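According to TrEMBL, the feature transmembrane segment maps to 6-25, 90-114, 120-139, 168-185, 222-241, 344-362, 369-387, 407-426, 446-465, 505-522, 529-547, 792-813 (among others).
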Amino acid sequence: MKFKTILPHLIAVVLFLVMVVVLFLPQFQGKSLQQGDLVQYRGASKELSEYRQQTGERTNWTNGMFGGMPTYQISAVTEGNQLRLADRAFFGFMSGPAGYVFCGMLTFYLLMILLGVSPWLSVAGAIMVGIATNNIVLYEAGHVSKVRVIMYLPLVAAGILLAFRRRYLIGGAVFALGMGLAVMANHPQMLYYFGLTLPFLGVAEFVRHLRNKTLPVFGKALLALVVGLVLALGAGASNLLTTTEYLPQSIRGGAVLTGSTEANAGDNDNTTREGGLEWGYAMAWSNGFKDMLATYAPLAAGGGSGQEVSKESDFGRAMTRSGFQVPRVFPAPLYHGSLPFTEGPIYLGAVVWALFLFGLFTASTTARIWLGGGTLFIFLLSLGNNAEGINRLLFDNLPLLNNFRTPNSALSVATFLMATLGILGIHRWATLRSTDLTESGKQLRLAGIVAGALGALVVLLGMTLDFTTPQDAGQLARFTGGQGDVGQLVGALIDTRASVYFDDAMRSLLFVGLTFGALYLLWRGKVSLTLAAVGVGLLGLMDFVGVNQRYLSHDDFKPRRVVNNVVQPTPADELILQDDDPNYRVLNLSRDLDKDAFTSYFHKSIGGYSAVKLRRYQDLIDGYLLQRDEDVLNMLNTKYFLIPNENGELQAQQNPRAFGNAWLVSDIEVVSGPDAEFAALGTVADLRRTAIVESSFAPALAALEPTGEGTITLTEYAPNELTYTFTSDAEQLAVFSEIWYGPDLGWEATIDGEPAELIRANYALRALRVPAGTHTIKMTFAPNSYALGRTISFISSVLILLVVVGAIVYPFVRKGGDAGAVPVNATHP
């Protein structure tokens with residue numbers, strides 16, 4: 001390969017590197033972002049991190065939050081997966097936002113080049129896909145795994161399209177690599193939404209091959225993709241097998257309880273009996289009409305819930321008149337869309353919208369069906385309960401869809417789909433222009449009319465739109481602390497919302513006009529395709545950077561030591577940490593029980609933060625912990641409470657009645673079914689003396705007559721291995737303040753090295769029948785799914801890398817081989 005051939009690609013990569021350095025310069029100066037969800041993540045993963053630092057190994061169990069739970073969805077399992085090196089390479093061996101944006105640019109560029117698009121046109125699309133506002137907003141909020149999947153979607157698409165173009169080897173290889181990396185990123189929801197657009201492509205390809213009488217080609221392409229999919233899933237087996245095993249036990253699985261006793265009648269039962277999430281809970285973040293407008297005009301719905309406004313705005317001046325001292329720019333409750341709250345809009349870009357509409361008239365039939373139809377479907381899906389008729393049907397019938405919430409996030413894949421259609425449309429149209437100036441001009445004119453009409457409609461809608469919400473008065477009362485003239489402030493807030501709506505609607509219309517202006521100059525022959533591509537790319541860059549600065553600027557980066565130490569122990573925490581025995585649990589009454597991973601920074605917490613907490617523990621929260629049931633808290637070894645005083649300062653209060661790490665009971669109450677097991681927690685007089693055991697475990701307790709006399713002590717602790725010393729003159733039933741996860745899901749018990757059967761007690765705890773005498777009891781978490789998954793991941797990921805290398809090398813060693821791209825033609829994207 002000649003240097004002249006690869007020079008444009010080297011220039012593109014260097015350009016991407018320069019751009020991310022300029023855009024995220026503070027990152028290269030040792031600064032970091034304080035991302036909301038990542039602050040919670042660091043608390044949730046604190047015990048994992050410490051264990052890895054101490055041992056160099058991963059622990060698949062943590063006792064840091066919710067009494068104890070698997071770590072599979074706290075930190076993705078990537079052990080054995082050799083695609084980690086490829087992942088680092090696609091990120092340019094960079095971390096932080098620079099690495100993510102670089103990855104998105106690089107993968108989209110590769111997609112376009114492999115499809116035969118010119119380098120500069122590919123660069124233009126890559127810039128827009130990489131720095132799309134939604135990617136920046138998601139990253140700033142800490143949704144990094146979601147962004148990671150989005151950045152690998154172009155690679156997945158490249159493999160699919162190449163396979164259907166008879167490039168079976170390279171297509172299957174690229175698809176396997178892209179899918180493997182996307183699966184490893186561990187946000188299946190984004191991959192699922194993208195997958196929902198593929199039937200549009202599949203149908204279009206099938207019809208095309210049927211008409212061309214080339215169905216064997218279609219079959220071979222499918223075979224290559226199926227093999228690639230198997231390898232990709234195999235590469236992710238270490239995470240997929242453990243997660244698949246875990247999810248049925250989590251709140252994403254079916255409900256355990258069937259009754260509606262007073263104890264389990266909480267408001268947080270968010271799953272169905274059959275499995276998956278309940279409709280209302282899943283649809284909580286559904287886009288409304290104004291949120292959809294914000295995909296075109298970013299402040300159409302007010303932006304974020306704390307959108308920054310100027311002191312000179314109507315709202316800023318009203319605040320000043322009300323006696324408030326406000327800075328030059330300050331956050332205000334500008335958002336008035338349908339979401340409970342939001343960090344910022346899912347702005348798809350005015351330039352991207354222009355290109356998308358252009359592509360609807362100029363791209364191939366296959367591309368328009370897939371990317372146009374798929375985008376429309378994604379928009380519809382994102383409406384959630386605001387398009388209940390169709391979405392309820394999909395929710396109830398599409399496999400796995402009812403396992404996902406926040407349907408508005410479906411739009412996260414739309415920028416890629418829309419930009420792809422636009423760039424492919426320009427490429428095909430430029431080819432047509434060279435042979436048919438009249439037809440290409442007609443396409444440009446029609447697309448321009450539609451784009452202009454859409455822009456004008458958005459502007460005009462501002463004259464009829466309602467800029468109020470029922471929550472305005474309450475929000476402003478909280479915002480001002482109840483001071484000032486709330487009525488006057490509400491009016492000023494509405495005026496500001498209307499003002500920013502019109503400003504952004506006109507801004508977007510301007511960018512659309514400039515984009516079509518660049519295409520018009522290309523059609524007239526005033527500029528070359530390269531110059532037009534540069535112009536479109538610069539417009540996309542200015543469009544997104546201008547909006548992105550509202551949500552992530554250089555000022556948002558802080559010194560890394562500040563970010564890493566954002567959560568500091570309070571005096572109450574430090575008092576608790578003086579306890580010589582660290583193996584206890586803490587309930588922080590100053591925070592929401594299920595939205596608190598902060599306590600886990602310093603203690604083993606009763607609360608936590610996870611969208612996949614264990615189902616049985618969620619039942620305990622709903623039925624007992626929210627009511628602060630004393631016996632249930634005691635059986636969880638809640639030794640300390642963090643209680644806010646009248647000044648909001650935390651005070652540590654010791655609970656002398658906590659049962660400890662393990663105890664011996666003198667009575668066993670056998671009940672039938674989970675409802676009775678759960679209800680008995682509220683009726684048994686003394687859980688310290690009585691163990692509640694479901695009847696399916698009764699055979700393991702046959703002829704046991706415990707006295708409760710003896711001792712059992714935790715002597716060695718690791719999150720995935722607990723060692724106890726037991727002494728008693730009689731056979732006993734020991735109950736442990738450890739969360740049940742089983743049976744046969746990883747927790748194994750031994751007595752003096754001999755296997756012993758763990759029993760579930762008290763609905764959510766572990767218990768063990770122990771013979772008389774002095775014994776060493778050990779509980780170890782060693783899931784078979786993890787061991788098997790590591791092996792499969794290693795083999796599959798190595799195979800993917802070998803196939804990719806082979807697919808790259810093969811055209812060069814094959815006589816007469818062609819290593820180049822497959823050109824875009826009139827019938828295929």
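Heads up, residue numbers simply count up from 1 along the chain you see.
Every residue, even glycine, has its Cβ placed from backbone N, Cα and C.
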Selected stretch (most C-beta pairs under 8 A with the transmembrane segment (90-114)) from 407-426, 505-522, 529-547: 407-426
Surrounding residues of the transmembrane segment (344-362) on its own chain - C-beta under 8 Å, 6+ positions past either end: 128, 132-134, 137, 287, 291, 294-301, 303-304, 307, 368, 371-372, 375, 408, 411-412, 414-415, 418-419, 421-426, 428-429, 432, 440, 443-444, 446-447, 450-451, 454, 507-512, 515-516, 519, 536, 539-540, 543-544, 547, 550-551
The transmembrane segment (168-185) and the transmembrane segment (222-241) contact flag, 3+ Cβ pairs under 8 angstroms: yes
Most Cβ pairs under 8 Å with the transmembrane segment (407-426), selected from 120-139, 222-241, 446-465, 792-813: 120-139
Highest-contact recorded stretch vs the transmembrane segment (120-139), from 222-241, 369-387, 529-547, 792-813, CB pairs under 8 Å: 529-547
For the transmembrane segment (369-387), distant same-chain residues with Cβ under 8 A (at least six beyond the ends): 193, 196-198, 200-201, 203-204, 279-280, 282-283, 285-289, 292, 338, 356, 359-360, 363, 394, 407-411, 413-414, 417-418, 420-421, 424, 829
For the transmembrane segment (792-813): best-contacting stretch of 222-241, 505-522, 529-547, by Cβ pairs under 8 Å: 222-241
Residue numbers, six or more beyond the limits of the transmembrane segment (505-522), whose CB comes under 8 Å of its CB atoms: 296-298, 300, 350-351, 353-355, 358, 426, 430, 433, 444, 447-448, 451-452, 455-456, 458-459, 462, 528-529, 531-532, 535-536, 539, 542-543
